[in-house]
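Working notes, structure below.
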């Protein structure tokens, strides 16, 4: 029983990694030249039964960094006006200092040793996050430098669809296309999808795995 209870702790679920769901809205596809305009970060928690759920979400509108490229097509797609004062935008550095603080606190509370980005088509979000951290010359990032959990891949395996909206609907998660392409909305739907996949795998008997000690005993008996 103690082995099962221990396996239900978040620190043991992903090899000591604390999953942090992130979505960004940008002014293009090039993380080196195009502006990061919006970011939302959803922190997760695990209950005593080992089920993953949403804890809280942070959200920031971001000021384009100096010299940033703003692709008109990208702005038309996400509907963001970077010059609108009502956005209440903050600098990349201010946003990431707050994100680091919240992530490290949650990571420590879960007794995890590092955080790992969860995102839909994660290479895109990870690239923009990593470049912004580099631009701000921030040290001791809580995030793994290259490993991620990509919900597009996970959804393709678990649900049979890779598009966020359709994967959510197939998983029974409401999705409003009118709200899509807002970092806040997309992050929370991505978090719900990730939790659904992880929890479904558990319900199907995929976790926890047979304890190493039990496996060794079985091998010895054979």
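From the backbone N, Cα and C atoms, a Cβ is placed for every residue, glycine too.
Copied from Swiss-Prot, the annotated features are:
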ACT_SITE  181  active site, proton donor/acceptor
BINDING   23  Mg(2+) 1 binding site
BINDING   23, 25, 181, 186  Mg(2+) 2 binding site
DOMAIN    20-194  domain 'Exonuclease'
SITE      29  site 'Important for substrate binding and specificity'
SITE      77  site 'Important for substrate binding and specificity'
SITE      124  site 'Important for substrate binding and specificity'
SITE      146  site 'Important for substrate binding and specificity'
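Feature map: annotations from Swiss-Prot on the structure.
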| residue | record | DSSP (3 states) |
| --- | --- | --- |
| 23 | Mg(2+) 1 binding site | strand |
| 29 | site 'Important for substrate binding and specificity' | coil |
| 77 | site 'Important for substrate binding and specificity' | helix |
| 124 | site 'Important for substrate binding and specificity' | helix |
| 146 | site 'Important for substrate binding and specificity' | strand |
| 181 | active site, proton donor/acceptor | coil |
| 186 | Mg(2+) 2 binding site | helix |
Inset, instruction - Would you count the other CB atoms within 10 A of the CB of residue 146 (site 'Important for substrate binding and specificity'), including those on all shown protein chains? - result: 9
Inset, instruction - Please name which of the recorded positions listed here, 23, 29, 77, 124, 146, is nearest in space to residue 186 (Mg(2+) 2 binding site), Cα against Cα. - result: 23
Inset, instruction - Let me know how many other Cβ atoms fall within 10 Å of the Cβ of residue 25 (Mg(2+) 2 binding site). - result: 24
Inset, instruction - Please work out the mean pLDDT for the residues of the domain 'Exonuclease' (20-194). - result: 98
Inset, instruction - Measuring CB to CB from residue 77 (site 'Important for substrate binding and specificity'), give everything in the same chain under 8 Å that is also at least six residues away in sequence. - result: 181
Legend entry - Close in space, distant in sequence - residue 124 (site 'Important for substrate binding and specificity'), Cβ under 8 Å, 6 or more apart: 24, 29
Inset, instruction - Can you grab the distance from residue 146 (site 'Important for substrate binding and specificity') over to the residue listed as 'Mg(2+) 1 binding site'? Cα atoms, rounded to a whole Å. - result: 16
Inset, instruction - With an 8 Å cut-off on Cβ-Cβ distance and a minimum sequence separation of at least 6, pull the same-chain contacts of residue 23 (Mg(2+) 1 binding site), or say none. - result: 39, 40, 119, 120, 125, 183, 184, 186, 187, 190
